[in-house]
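Inspection log for the structure reproduced underneath, given as structure tokens.
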């Protein structure tokens, strides 16, 4: 390779305000080229070489050019679904013969004016001229979280509408939420109009989308909770242990199982400023993540834990088939759920919760099944493994059971059901008090006295109470059913 060739290659890595675009579609328009650049700042010059399918752009600042190249390194841009290659040019500035390039300059002025109007990043994202209440940042709430939703899943879905620059995910009020910044408010409007109210997976993980009051996100770390796609250089910042947040944050970063998309129903990305809502409602039916159904539960309290208590607690999120507490390491247990969905659900709701005073960790096990002990195992080892596959206490064995709609994270308020008419409020309060649980509030359902809400002192106490009193016999043939409630009293 000649030294001049090497120096050219090296020069293409040296930042410059001038960018070189290659492999453009044959009859590309100036607008299409500019639409790739304007989200990152003002463009001061544009030259398109249509015979060569190339173009040169000069950004108003080097910072804007660097941001643009960094962004498109991790998310290849395309025009009319043809990938476009962008690199720094060896030119430091563009000198143009204004006569030959008049049309491009006219387009440039018109589109630059439009970009300032829609509040691009170069104008500090103040969003002047945008309809009030609209920003390039969306606030997303995922309801009915039956599968974990990861940062990667959100990027995959939302980048169909434009350049996603930054994402921050967090849990608030027991709900998985995210802030997502597009390069342009128009993309955010389009995504909100098309995706609000849609399900990510069939029948669950419903998106609720609003414009955020923020116009710019400040991302400090690139990890499974937050990402700045324009900056590959950010540290990962060790995630603090969940306990320091005062709430248990479920591990939504299931990046190990990127869900696969079914092909999108024809979403043509027409220029948007007209009517946004007239878009065909897009179906996001993604295939759920495929994983094993066995969970590894660690940091258990070996003095208190039993297969039965894990069966009852994990049974809130699926039908537990087998439980094995490890004979040589009793703070660890394997819990086999009916399927991968239930395993994911139990993991996302129970990891980081307190059980018998210990913060437990729930992760996916590499074991495909829990083995039953061999005939020669001692009595204690036999007792530490239980097969619950035929249990009458499975909550989800009826297909389409309404229990599927009432799955909530552990909370201090319990939902009690199957209460016989002969059992009074006092009798229920006494039952909990005698078992060592302080009842803070109680309320029968107005429409149906077979159900009630009971509030205890803490989430940890509610977990213990559910384990102790779910299936407690109330009269000769009715047993109390206990689950976590999303309501408070």
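Along the chain as shown, residues are numbered 1 onward.
Placed from the backbone N, Cα and C atoms, the Cβ positions cover glycine too.
TrEMBL annotations: computationally assigned, not manually curated.
TrEMBL has this to say about the protein:
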DOMAIN    17-91  domain 'RRM'
DOMAIN    138-214  domain 'RRM'
DOMAIN    293-367  domain 'RRM'
DOMAIN    412-487  domain 'RRM'
**Selection from 17-91, 138-214, 293-367, the stretch that has most Cβ pairs under 8 A to the domain 'RRM' (412-487)** = 293-367
**Prompt:** What is the average pLDDT across the domain 'RRM' (17-91)?
**Reply:** 87
**Request:** Please list, for the domain 'RRM' (412-487), how many residues fall into helix, strand and coil according to DSSP.
**Result:** 21 helix, 22 strand, 33 coil
